[in-house]
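Take a look at the structure set out below.
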Amino acid sequence: MSLAENISAPPQLDFDMPGFWRVCISLILSGFCAFSALYCVQPILPVLAADFGIGAASSSLAMTLTTIALAVGLVFSGPISDSLGRKPVMLFSMVSTGLLMIALAFAPNWHVLLVIRTLIGLLLGGITAINLTYLAEEVTPHSLGRAVGLVLAGNSVGGMISRVGVGVAAEHMDWHYPVATVGVLSLIAAALLWLWLPASRHFTPARLSLAQTLENYRLHLHTPGLPTAFLAGFLLMGAFVTFFNYIGFRLLGAPFHLGQTAVGLVSLVFLPATYAAILAGRMSDRYGAQKAHLASIAVMALGLALTAAPAFPVLAVGTLLFTMGFFGAHSTATGYVARTAHSARAQATSMYQISFYVGASIAGTLGGLGWDLLGWSGVLALLALLIAAAFVNGRNLHSRHRF
């Protein structure tokens, strides 16, 4: 970029600028698309298990393969967007995801369903990291924490609506119809993003180079603080996905014996939990991310302890606290990565997301084994280990770097 271009370049967006909200709303739509597609099958895992004649651990492959593929897709989405631009990559991924979700509703057997879910995971990498990279480039550091919190709140709402909508609808109609509806909504979100999201103003295209890509990954792994932030994502998402993969099985069985509608409605906790991401973003901007991060993990631990109770009201409160704590901790860790990476930001965000979804894949599968062996007690034991490790990891990062 020439000196003249630098001088004439428009300023980054701040919280009190009108363009700030246009960007945030557009990227909230991208998160809605991605996380609706990712999580819509989670509340109907028991339905899929019964429909296809498989066990709980096998049914979790509908989530596990998607998150593994998402982690793989993130390896390539960052460098591709560094070359082609943020908005084009997001649009392609959103449109393709919507079409595949519609195809998923017509999957003739379990194996085809898993293939489609894997393809969806590969495409989601072009949304989940790129929208945050766009923010890091276009929003001032002073307002970045708030912007990240808003977009992550959109992710939360997308996941909530798909979980509740598909989960409730699956008790009253064939599961194929609500899944196809998620695909249609994703296409609508893509059209709105195409109309509303401004072209990047602070993006400089980089030549797509494998050698440079590998060098950027090496650089981020040696940047103080970033590897520990990546581990935070691994542990947090591992706990979060494991919890919601198997909470449905717990509620359908003893001592609760709830129906599929009630299982779907549990995801309504995402609505108030959405505020936790926004609040954590504000606290991060004002007091530093470390305090908000560790406090959020402590809230997760408290919520998890309450879910051991055999009383549904107590379990519901525990689920709410667990979810709020997760979104707060995730928001602060994501904002830290965006602030700390000063070059190849898309790849830095991708590395965090890769850790995020590898954790989901590994822990989600281990949670299924825990459920098959010990029921909810086995899942609780795994979650307690993950949360304890996340807290220690956050303290360790703070002892050497400002988080």
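Glycine is treated like the rest: Cβ placed from N, Cα and C.
In TrEMBL, annotation is done automatically, which means it is predicted and not curated.
Copied over from TrEMBL, here are the features:
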{"type": "TRANSMEM", "residues": "20-45", "note": "transmembrane segment"}
{"type": "DOMAIN", "residues": "23-396", "note": "domain 'Major facilitator superfamily (MFS) profile'"}
{"type": "TRANSMEM", "residues": "57-77", "note": "transmembrane segment"}
{"type": "TRANSMEM", "residues": "89-108", "note": "transmembrane segment"}
{"type": "TRANSMEM", "residues": "114-135", "note": "transmembrane segment"}
{"type": "TRANSMEM", "residues": "147-169", "note": "transmembrane segment"}
{"type": "TRANSMEM", "residues": "175-197", "note": "transmembrane segment"}
{"type": "TRANSMEM", "residues": "228-249", "note": "transmembrane segment"}
{"type": "TRANSMEM", "residues": "261-280", "note": "transmembrane segment"}
{"type": "TRANSMEM", "residues": "292-312", "note": "transmembrane segment"}
{"type": "TRANSMEM", "residues": "318-338", "note": "transmembrane segment"}
{"type": "TRANSMEM", "residues": "350-367", "note": "transmembrane segment"}
{"type": "TRANSMEM", "residues": "373-392", "note": "transmembrane segment"}
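Note: the stretches the transmembrane segment (147-169) and the transmembrane segment (20-45) are in contact (3+ CB pairs below 8 A, sequence gap of 6 or more). Contact check: the transmembrane segment (89-108) against the transmembrane segment (175-197) gives at least three Cβ pairs closer than 8 Å, residues 6 or more apart, which meets the contact criterion.
Across the residues of the domain 'Major facilitator superfamily (MFS) profile' (23-396), the predicted structure has a mean pLDDT of 88.
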